[in-house]
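As structure tokens, the structure follows; a few thoughts come after it.
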């Protein structure tokens, strides 16, 4: 049964145009072609990336954070409370009003104190500023190196200047060593992002990020199987062209360099919109949807590849919406923040009211003149 499924999966009509077989893509006369077995190496490489990332964040990003004076916010800790902790861990981190009232009776706290406890407890679980900075530093470093490497791979190729050259001789197009390593490294990196997504900083677009990573992995893998390598290198370089700008803006934001962050963000927004909403759909997707039909009838691989391109484009539109929202805040003079971030909750208004009545706070508790702390 396994052999039957294997045969169906690798049926040539799924992957190749009519009248072509896998035998046509066997290495010969010094010409090397893309093969599915090449991608096995990306899984161990992905775990190697995780090791390199850990070393980078420990020995490069952390000292860099110190040099840039990345400072942690002082977080008010939730007072230990067994009843509230059990509910937080087992039921919900965001209790409804009825739950708050029930917990108030069980714990002996007021409703206001229960609500404040959950705010502070949620803040304790949020990632630290140092963690965010280290993660942004790692991605910035990879995306910058990947973009430079990608441009080096494609800038001297004829299809970089004439997109019709992408399909010249397709699919009998041999793979250069530079293209091979560009593909293997990019795919390995996205596997590593997928493996680490549970432990990375979670943002509001967590589900969209998973969809993006999975779609990217499928698209890169399929383009290698079906020998869409020329188009694939263009698409990967196009994506890397703006990602490193976003990560660098985050780094400066975490370091408190607001003007630098805002200026880089403006450049990032312009590059993102031009590359993802103009060049990708009107040049690259036009190239993958229209030009191949001049050479061969549409087949499953053609439809599948372009369907995955549409999925990515929908995600780009979603992220462009968030970017435009941030740009509007910048133009109106508000601080630019990552719209995808899960903002830290505060209870400043309540504490300011208590400060006015009772004096300054220490870890969320007003310090009284008689050196006793008011019960929270």
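Yeah, the Cβs are placed from backbone N, Cα and C, and that goes for glycine too.
Looking at 241-261, 304-324, 325-345, the stretch flagged in TrEMBL as transmembrane segment turns out to be 304-324. Among the residue ranges 39-56, 57-74, 75-92, the one that TrEMBL annotates as transmembrane segment is 39-56. Stretch with the largest number of CB pairs closer than 8 A to the transmembrane segment (140-160), among 180-198, 264-284, 304-324: 180-198.
Residues 137-138, 141, 184-185, 187-189, 191-192, 195-196, 221, 224 of the same chain sit 6 or more residues outside the transmembrane segment (39-56) yet have a Cβ under 8 Å from a Cβ within it. The DNA-binding region (69-129): residue composition by secondary structure is 36 helix, 0 strand, 25 coil, according to DSSP.
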